[in-house]
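Notes follow the structure.
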């Protein structure tokens, strides 16, 4: 999932593992949080989108890739991050570095394609980067972003940032 914004609780995207309406559900999604990557257990994936008669969101942007049995699925390039490595074969690793102003909100910097319980998979969740709610900054320069940027921030937030320069310096 590259982008996701559906009217919360009323519009849904269901992802099913197979071609039938009765296939097992891998996930049902609503709202504005971008879902994690999904991997099918078969060679067919079914997406069912339902929207009601009222409000609408931006919708969704999904990139899919097929892959062989000795490689991990393409983890994509996380939003607000740079990915290093494009080999997804068993034993290979990729790294993700958050863009300036963002911090890692899920996963570790490096994940490796491994074999676990007979399945080829990444060693951990695909890293995600987001804007933090508050923090302490002491670098000579930096970027501060509202939580959720470039999207909308959530309700009922109370964030505080402190910027500290070396003694004798000012901040602009």
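Using N, Cα and C of the backbone, Cβ positions are placed for all residues, glycine too.
Here the structure is a predicted model, which means the values were calculated and not measured.
Here TrEMBL flags 1-67 (among others) as domain 'CUB'.
The domain 'Sushi' feature in TrEMBL is assigned to 70-131. Secondary structure of the domain 'Sushi' (70-131) per DSSP, as helix, strand and coil residue counts: 0 helix, 30 strand, 32 coil.
Below 8 angstroms of C-beta separation, residues 5, 32, 100-102 of the same chain, each at least six residues beyond the ends of the domain 'CUB' (133-172), sit close to that stretch. According to TrEMBL, the feature domain 'CUB' maps to 133-172 (among others).
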Residues in the domain 'CUB' (1-67) per DSSP class, helix first, strand next, coil last, are 0 helix, 21 strand, 46 coil
